[in-house]
Amino acid sequence: MSEIILTPKEQPEVPLEAPNIKPDVFAGKSIDEIRNIQIMHGNEVVKLGDFFEVSGEPADSAADIKIIIDGDVYNTKRIGQDMTAGEILVKGNVNMYVGAGMKGGKITVEGNAKSWAGQDMRGGELEIFGDAGDYVGSSYRGDWRGMSGGVITVHGNAGNEIGEYMNGGKIIIKGDVNIMPGIHMNNGLIIIEGNAVARVGGEMAGGTIVVKGMIEEFLPGFKYLGVEKDIEVNGETFPGAYYKFEGDHAIKGAKGMVYAAVGCNGHIEP
């Protein structure tokens, strides 16, 4: 796999909008042509080379390209947006919308990611080794169709409304989450290995949420179905005992499932 290295010169106060940082756009271009790729700085069209040193070996196919961003890009948005193949490695933090609309390939962020990571994701893999902000794997504002495929893994904590309007795929949060994970969820799987503050699965109609930690406050619209051990969801087994709830029956005909670890959630057992 050919590696193209982007070294940030300086992160400006006004964020960069850089959906063109992806293998699909770099494919078939020389290093000089990559330097001249357009990105946005506020309302101004600028060149990638104005803000990044560019080096490495180009390739003709997106699937054969790995983009390495060798530094912190905390004020660069939309990296990897709509990408279909190849890899991106970010050796630092990223701003909003990393991997939004992603359809294939892999993005790895070694630091933190701000809100809307993996928004409207269709496929591929997004892995964040730090924390993520709000709306991981959510829908576009005003839409009712969120993430429908792919896998998002956050090794740290995440914020509010992860998996909002989720329609498929899988989200794994290895730390804690804030309020309303899985709100309006229709399909897919959310795994929370830490704790959740409140309103898990609010107005969900389908899909599955597994919480291995504590749910501090649970919604009343879920029907308690008892305790299950070593549950299996989509071919994946979760050892241990879980309280099983169906809902959210604030939605007519809801068939969503929430599993909460027995050892942490005696306070929500009916």
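Even glycines carry a Cβ here, placed using N, Cα and C.
According to Swiss-Prot:
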type	residues	note
REGION	80-213	region '7 X 13 AA repeats of [GW]-X-X-M-X-X-G-X-[IL]-X-[IV]-X-G'
REPEAT	80-92	repeat '1'
REPEAT	99-111	repeat '2'
REPEAT	118-130	repeat '3'
REPEAT	144-156	repeat '4'
REPEAT	163-175	repeat '5'
REPEAT	182-194	repeat '6'
REPEAT	201-213	repeat '7'
Contact ranking winner - 80-92, 99-111, 118-130, 144-156, 201-213 against the repeat '5' (163-175), Cβ under 8 Å: 144-156
For the repeat '4' (144-156), the number of residues DSSP places in helix, strand and coil: 0 helix, 4 strand, 9 coil
Long-range environment of the repeat '6' (182-194) - Cβ separation under 8 angstroms, sequence gap at least 6: 144, 146-148, 157, 161-176, 200-213, 233-234, 236, 256, 258
Residue numbers, six or more beyond the limits of the repeat '7' (201-213), whose CB comes under 8 Å of its CB atoms: 163, 166, 176, 180-195, 219, 222, 231, 233-234, 238, 240, 242, 247-248, 250-251, 253-261, 264-265
Same-chain residues at least 6 beyond the ends of the repeat '2' (99-111) whose Cβ lies under 8 Å from its Cβ atoms: 23, 62-63, 72, 78-93, 117-130, 150, 152
Mean predicted confidence [pLDDT] for the repeat '4' (144-156): 96
Secondary structure composition of the repeat '6' (182-194) [DSSP: H/G/I, E/B, coil]: 0 helix, 6 strand, 7 coil
Composition by DSSP (helix, strand, coil) of residues within the repeat '5' (163-175): 0 helix, 7 strand, 6 coil
